[in-house]
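To start, the structure under review is shown below, and the notes come after it.
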Amino acid sequence: MANPTHSQVVAAPDSSGRLLRLVSASSVMMQLLGKSTNIRMSQILEHHEDEDFSAHRTKIVCTMGPSCWDVDKMVQLIDAGMNVCRLNFSHGDHEAHGRVVKNLQEALKQRPGKRVALLLDTKGPEIRTGMLEGDKPIELHAGDMLKIVTDYSFVGNKSCIACSYEKLPSSVKPGNTILIADGSLSVEVVECGKDYVMTRVMNPAIIGNKKNMNLPGVKVDLPVIGEKDKNDILNFGIPMGCNFIAASFVQSADDVRYIRSILGTKGRNIKIIPKIENVEGLLNFDEILQEADGIMIARGDLGMEIPPEKVFLAQKMMISKCNVAGKPVITATQMLESMTKNPRPTRAEAADVANAVLDGTDCVMLSGETANGSFPVQAVTVMSRVCFEAEGCIDYQQVFRATCQATMTPIDTQEAVARAAVETAQSINASLILALTETGRTARLIAKYRPMQPILALSASEETIKQLQVIRGVTTFLVPTFQGTDQLIRNALSAAKELQLVSEGDSIVAVHGIKEEVAGWSNLLKVLVVE
């Protein structure tokens, strides 16, 4: 059978017999495979230690933890390229995360021109094994029978362990596979009782207390937001000024709407980023994307739900659809995993980061590398360098044309002006695109078309400035007011000169609204020369 083309549907059967349909017909980056890069030998052979890699366009999300959460280390992370601070609520309490936020605020006082967004990552409907006798790991061998009970108070041993998911016996059936401890242990279901599941161990493994469990191909009957998550969002996320909620294990658009209802009026401006990490999330991706403000590709758990050789297809499909929708996408998990212990990444890891950039991701994320690793600052530095290099070999005109082709028409006035701004900037070889934006939409629409020029977004809203930290190619500048547009633009150009984004005599393209008092409707495009 011939290999499928990029315009065909790539399908893989999951454990339920359904087809996991990964449609790549709308792909922007995949359509340009082999055409969107312009690589010269000099780029490969030249190496400049003093090059400013902080100009990378792809944003970097750093997970907080003991290795990086003191003030001095945060300052170093900001200098190395951190744009978003991720608070992982699978670990730690409100007091600990509150100290992180306070330390970040102190660090930013030392870097007054920088902005770092806050992302609250929920624990979500996680399933875990229970405690073990004597807190000692158990050793299992292939062929062993292992009983899993739903009484979570049960203290386990090598023949029986507890599980936190009460509906496990009714959710799985004989023949299903259960993955434990990040997949290091696979067991096959052989019998389902009222309050237990009997399984057969498929491979030798040693597991400890409270390890995570995955049920590939099984729809887990747990709320996307539990009581702990509600408490974290309402009593920490909103009052502490978090800009994003990364919601774990989202399976449908209804899940996103439910989270929005929890946020209510007090949290109405917080952006929701569903994490796609199971088959249901993939199958319902289009409806989730339509309802969401962005997407996180959580490759760790996703790689347990679908075959590992399919993860890259899912990644490319999701990034492509986010690009066409003009919504930010974060690529996450094990990007520089070896740097938790080593000062240099594996070559495969560096290539993984670069390929995510070439795919079109807005952000790349570090997890244990910064939270618990021995080289957190080096990890961010490496990521900045790789992003910078990958961005330098993209054919932005090809990407622009493909994005225009993939975007359904008609488009609204604001997007038409944004698209025209990018095309004009290309035509006149402008050095910068300037966007005056109250809500951030103008800057997001310009960034959707991936101009080769940097985008400088001016906003009077600190909240908007923070939320633009996940948008690829956007640099932000806080202004006191939008009254007096011409003076604002002059001030912005002076700031751009200080940031070395433009020089005297350069052409720039500016986008803003005719009516200064009306937010969310930019309909004016100007071409200016820097004086």
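Placed from the backbone N, Cα and C atoms, the Cβ positions cover glycine too.
Per Swiss-Prot, the ATP site holds N88, F89, S90, H91, R128; the candidate it also names there, chosen from K211, K219, K230, is K211.
In Swiss-Prot, the substrate site is described by R86, G300, D301, and among T58, T331, T333 the residue recorded at this site is T333. Each of the binding-site residues N88, S90, T122, T333 was ranked by the number of other C-beta atoms within 10 Å, and first place falls to T122. Rounded to a whole number, the distance between the Cα atoms of R128 (ATP binding site) and D121 (K(+) binding site) is 18 Å.
When the alpha carbons of K211 (ATP binding site) and R86 (substrate binding site) are compared, the span between them is 22 angstrom. A 10 Å cutoff on Cβ-Cβ distances gives D301 (substrate binding site) a total of 23 other Cβ atoms nearby, all chains included.
Between the farthest pair of Cα atoms in the ATP binding residues (N88, F89, S90, H91, R128, K211), the distance is 17 Å. Shown are the recorded positions R86, R128, K211, K275; of these, the residue with the fewest other Cβ atoms within 10 Å is R128.
Secondary structure from DSSP puts D121 (K(+) binding site) in a beta strand.
The binding-site residues F89, S90, H91, T122 include none with a CA atom within 10 A of the CA of D301 (substrate binding site).
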